[in-house]
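Asker: So TrEMBL says this about it:
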ACT_SITE  D163  active site, charge relay system
ACT_SITE  H237  active site, charge relay system
ACT_SITE  S599  active site, charge relay system
DOMAIN    25-127  domain 'Inhibitor I9'
DOMAIN    154-638  domain 'Peptidase S8/S53'
DOMAIN    412-495  domain 'PA'
DOMAIN    701-811  domain 'C5a peptidase/Subtilisin-like protease SBT2-like Fn3-like'
SIGNAL    1-22  signal peptide
Amino acid sequence: MRGMCFGLVIVLLAGILNVGKAEIYIVTVEGEPVISYKGGIDGFEATASESDEKIDTTSELVTSYAQHLEKKHDMLLALLFDRGTYKKIYSYHHLINGFATHISHEQAEILRQAPGVKSVERDWKVRRLTTHTPQFLGLPTGVWPTGGGFDRAGEDIVIGFVDSGIYPHHPSFSSHNTEPYGPLPKYRGKCEVDPNTKKDYCNGKIIGAQHFAEAAKAAGAFNPTIDYDSPIDGDGHGSHTAAIAAGNNGIPVRMHGFEFGRASGMAPRARIAVYKALYRLFGGFVADVVAAIEQAVRDGVDILNLSVGPNSPPATTKTTFLNPFDATLLSAVKAGVFVAQAAGNGGPFPKTLLSYSPWIVSVAAAVDDRRYKNHLTLGNGKILPGIGLSPSTHPNRTFTMVAANDVLLDSSVTKYSPADCQRPEVLNKNLVEGNILLCGYSFNFVVGTASIKKVAETAKALGAAGFVLAVENASPGTKFDPVPVSIPGILITDASQSMELVDYYNITTSRDWTGRVKSFKSTGSIGNGLRPILHKSAPQVAIFSARGPNIKDYSFQDADLLKPDILAPGSLIWAAWAPNGTDEANFCGEGFALISGTSMAAPHIAGIAALIKQHHPHWSPAAIKSALMTTSSTIDRAERPLQAQQYSGSETMTLVPATPFDYGSGHVNPRAALDPGLIFNAGYQDYLGFLCTVPGIDPHEIKNFTHSPCNYTLGHPSNFNSPSIAVAHLVGTRTVTRTVINVAEEETYVITARMAPEIAIETNPPAMTLRHGASRKFTVTLTVRSVTGAYSFGEVLLKGSRGHKVRIPVVAAGYDR
């Protein structure tokens, strides 16, 4: 297995570097895509729906118009370039009108000047950005019963995953032990066939499985032996995210003979549709990702999970909200698809978000209440804390400790970094057997060429009683996650504690004049790290979770739109893994993995959105988003305000009061989201109005991507009907408007607001009564009291007479001009 898990980088880099002058470009052209074509071309009737709802993509109208657009793409390329000098990779006709092509820089310039061509953008890269979380979120008792129990939770809802594929043989995705899945006519996706077994990848639970790699192949980045030219997951990430959102309920998580609880997806009965567009080492290309999203929407998914985002803001467009990726997602939302996207892992620093637009739900990551801790007890009585998901050494016994560098078979092996304990063959088994092996955490662990899994295998092969891995220096921000191992083992992550261990070892170890050990006298014992400790100070915003403020352009100017939108568990999440997955060296060859990232937070929201969609089938994506946001919580289990992990000084982690730039509206509360009382709705025209109001956006650019003119404006972007309010540059007084719709029985709401003292806040009217289905406007007026240029935080609360509470966060920064 080792050969597969390490050493792949060189193979692929050779392929990537060997790319000629040609590159991949995404081109958009005049003419409306299927989603917004209102007619006007002879022989082709309108395909757009009147309201934001799904279109029948199998209809003759849609297929003939799509073929018409594809022919136009082919004709344009054939007119401009000689056959053989270019390659068209994809035609996009459902959500955007354009194509991806592999051409030279000179040909791209010719295309830019061609009549009917709106934009020519060089492709850019994207990257990948649970046993306990269903209980932590209250799903088994509070939400699943409302949908008919876990065996009905998410029934007939299809979640699409644009990710690294799926391992279909995993018990989290099997359909053997569940009630049979019937046909689902609304979903029209296909199941690719495994080229080796000739069987397809679907089983009823997995309802669609396709892969997209044409851009990766054209760029020379694709290696079929490790990337798999099929929907199979060669990475692990895709299986993990699919299992978090929609994995089967009650799957035992077993590793090394230990059980770490039972895994379940948020919506265990939802169907999984796989659109593989991410690959092991290079991530993915936007051309492939856009093709995958197009296909998912055409196929009829209800929810789209994107644990993927750009490596950095793509600087090809002037604004963050308009590029082929976000424009495609805008059309997906127009088609009625709810989109959850990971916010990014660049935290805890400000403006690190990689998910910007109002039509997307940008998900930040929380640490939940489960922590794994362990300790090493030294012979001198000192107890050193650390992490290690391992059993204890034999109770009531201590063991001699031996350092890897002191038990080498031959001094010439130092070229192998023997202190890493990655190679049992270079250490003396006679000296290690029955003792605790001490190893050093080097840079090799950071880059992935060494792993804790391999340390455990080395210690086991040498017959050690256990191992200790000591971190002697770590760069600020190094994240240490516990790794399950089959023998007693611990990682000492605090450098000062590691020095205590080293000092104790050196004092008790006698050496001859050459430095060779005469006798090992240091002793120790390793505690039991298998039992989690449940903390009340949860949830907290994870240190890696990307932070706001949101940006509206690539000079990093603040947007009048709050991001992230919501917080969900994303730290140390147990879920399915692909046995051939290499994304995490410590889980190579395993069936489950315990990993962290906003990639893990997004599918929690996708799965909970599926439960809301099942409960309220006609709700728009904006209504579902609103229900999630307005019912979220800003207090932890101990009833204290949420805290965020942050750095203090160079490398130590501390907790600070969290703000909406850390958590958006708050931590998701699935039970409350099913019955929000009021919703803030928005549709395609509202998103257009938002775009047309953002200062500095070129109306031609908006028309290029949306095929719609800027006929109306909201006056100010902060008037967009979002369940949050953000004013990045407040001068004097500004009044913003919001509209709510009552989705419950008649109720009277009292409206109150509070804000930090630098800014005064008032709401009008003070109260309102709404019948079921009625909508009402209210205003929020913000006035600068003291000019600081820094953000102040507050909230508007609508408290209903029947018990509903609707809360929206407010952020504003006051200036004098």
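Cβ coordinates are placed from backbone N, Cα and C, and glycine is handled just like the others.
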Asker: On the DSSP side of things, how many residues of the domain 'C5a peptidase/Subtilisin-like protease SBT2-like Fn3-like' (701-811) fall into helix, strand and coil, could you say?
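Answerer: Per-class counts: 9 helix, 63 strand, 39 coil.
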Asker: Please report the Cα separation of H237 (active site, charge relay system) and S599 (active site, charge relay system) in Å, rounded to an integer.
Answerer: 8
Asker: Average the pLDDT scores across the domain 'C5a peptidase/Subtilisin-like protease SBT2-like Fn3-like' (701-811) and report the rounded value.
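Answerer: The answer is 94, the mean pLDDT of the model over that range.
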Asker: Looking only at the domain 'Inhibitor I9' (25-127), how are its residues distributed among DSSP helix, strand and coil?
Answerer: 33 helix, 28 strand, 42 coil
Asker: Taking just the CA atoms, what is the gap between S599 (active site, charge relay system) and D163 (active site, charge relay system) in Å?
Answerer: 10
Asker: Let's check the environment of S599 (active site, charge relay system): how many other CB atoms sit within 10 Å of its CB?
Answerer: 29
Asker: Would you count the other CB atoms within 10 A of the CB of H237 (active site, charge relay system), including those on all shown protein chains?
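Answerer: The Cβ of H237 (active site, charge relay system) has 30 Cβ neighbours within 10 Å.
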